[in-house]
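Below you'll find the structure, written out as structure tokens, and then a few comments.
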Amino acid sequence: MSMKISEKKFNDRVGDGIQDSFMRGAVTSAQTRLYTNRLKAADELGNWEEWRELGEQIRQHTLENLDYYLMQLSENVSKRGGNVFFAKTKEEAANYIQEVAKKKNAKKVVKSKSMVTEEISMNHALEEIGCEVVESDLGEYILQVDNDPPSHIVAPALHKNKTQIRDVFKEKLGYENSDDPYEMTKFVRKHLRKKFMDAEIGITGCNFAVANTGSLCLVTNEGNADLVMSIPKTQIAVMGMERMVPTMEELDVLVGLLCRSAVGQKLTSYVTVAGPIQEEEIDGPEEFHLVIVDNGRSEILGSEFRQVLQCIRCAACINVCPVYRHVGGHSYGSIYPGPIGAVLSPLLGGYDDYKELPYASSLCGACTEACPVKIPLHDLLLKHRQVIVEKEGRAPLAEKLAMKMFSMGASSAALYKIGSKMAPVALSPFTSGNRVTKGVGPLKNWTEIREFPAPSKERFRDWYKEHKKGGDK
């Protein structure tokens, strides 16, 4: 899978999402639950806004000194016996991982959840050279078996219910029991256990890399990442270059923010800090590789969008987004959905595929308020719109013509006078009382579900002129 998850046009994807009543119900229920849990977990701290400010400061400081911390991380991983590869592009990252697999004659690979491996199409790259790649995160495994893309950063199978999951297992894996989550989890655990034991390579993502120790931190609720790191003889960790913290102290803060914001827990079931195996340790990989992926992040770092790199992938913004609630994750056409995806996807994937996403927002600001590291997401969406129109020149032709006509009318006193007199007459067939209740063209989509005020028949200038004559102040 690559970053782009659909070849359908944006409007078609949105239409599919709106028509999927089950998906919208599942998303609404999940958003409500996750939102409530996040508020409870935040209230336990008592000073949530101070923690957010601290998280923002840590992320900004790290990004401002990213070159230093990346070099420090690389040196410390190397000192501990690991191999570090800096990949400028997604192709370089995928090729390096392919080469490691070839040298190890690997045929079986097990991996834990990782957004950046999806971004670089890693599974496809390994399958090209004959490797079987198995997802070990339960949600990702469900989607892999069903050949279905993720719809959420933290809960990738959010759009499926337990009956649908049972049917997938029944059809693809020969599952014969009920749709009880415990029974299905037990079945998958037994199925995956052999995959862990047989794999020559284990591949993980990285929630945070600690510069001064050369350690990686993984946050999970299933423990699968721990098995991926400890059983296969070769481990490959893949991380975006921005996923850095200077020391364990900063890690402590950000892990707390991540767990509370993502799932409403003080900590997830497993928070693992590891790296290359040391002499005194009895388990872990014999060979360790860290792949640090740029793939456009350097350009973002030097742009007006650099704040998006503060993201810790908690999905708190997704869990409060009204647009996501109504259209679902697949409508975004990217592995990164929701507000964070609407900002990040055009930067990583380009405007050709994702130019509509910055407009898929009500600009209510709920995402900005929810973000634990205070990314001004709605402001960044507005910046995208500005770039699309002013720098890219990608505004639709109808919009360009409409704005041109408005500009001409608004900048000419004579045209403005004529237009203000003609507007009530032109809209009268579509007006009931003082409201426009039905429209034509682009107005039709608006008036199908709402009304807007009709232009006043009496212009302000005429009213003012009349009252001025009468001396009415």
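Any Cβ shown, glycine's included, is placed from N, Cα and C.
Owing to the predicted nature of the structure, the values given are computational and were not obtained by experimental measurement.
Secondary structure at Cys314 ([4Fe-4S] cluster 1 binding site), as computed by DSSP, is coil. Annotation source Swiss-Prot lists [4Fe-4S] cluster 1 binding site at Cys311, Cys314, Cys317, Cys371, citing sequence analysis.
Taken from Swiss-Prot, the feature [4Fe-4S] cluster 2 binding site covers Cys321, Cys364, Cys367. In this structure, Cys367 ([4Fe-4S] cluster 2 binding site) is part of a helix by DSSP.
The domain '4Fe-4S ferredoxin-type 1' annotation in Swiss-Prot covers 302-332 and is backed by sequence analysis. Under 8 Å from some Cβ of the domain '4Fe-4S ferredoxin-type 1' (302-332) lie the Cβ atoms of residues 5-6, 10, 13-14, 16-18, 20, 23-24, 27-28, 30-31, 34-35, 38, 55-56, 59-60, 63, 115, 149-155, 158-159, 207-208, 242, 254, 257-258, 261-262, 338-345, 347, 357, 360-362, 364, 366-377, 380, 383-384, all in the same chain and six or more residues away from its ends.
What Swiss-Prot records for 351-380 is domain '4Fe-4S ferredoxin-type 2', and it gives sequence analysis as the kind of evidence. Here the domain '4Fe-4S ferredoxin-type 2' (351-380) has Cβ contacts under 8 Å with residues 4, 10, 14, 38, 51-53, 55-56, 58-59, 254, 257-258, 260-261, 305, 307-308, 310-312, 314, 316-317, 319-323, 327, 331-334, 338-343, 345, 388, 392, 394 of the same chain, all six or more residues outside its ends.
Between the binding-site residues Cys311, Cys317, Cys321, Cys371, the minimum number of other C-beta atoms within 10 Å of a residue's C-beta occurs at Cys311. Of the listed binding-site residues, namely Cys314, Cys364, Cys367, the sparsest Cβ surroundings within 10 Å are found at Cys364. Note: the CA-CA distance between Cys321 ([4Fe-4S] cluster 2 binding site) and Cys371 ([4Fe-4S] cluster 1 binding site) rounds to 12 Å. Within the set of binding-site residues Cys311, Cys314, Cys317, Cys371, the entry lying nearest in space to Cys364 ([4Fe-4S] cluster 2 binding site) is Cys317 (CA atoms). Cα-Cα distance from Cys311 ([4Fe-4S] cluster 1 binding site) to Cys367 ([4Fe-4S] cluster 2 binding site): 12 Å (rounded to the nearest whole number). The [4Fe-4S] cluster 1 site is defined by Cys311, Cys314, Cys317, Cys371, and by the 8 Å test on Cβ atoms against their centroid, the other residues of the chain that qualify are Ser261, Ile312, Arg313, Ala315, Ala316, Pro339, Ile340, Cys367, Ala370, Pro372, Val373, Ile375, Leu377.
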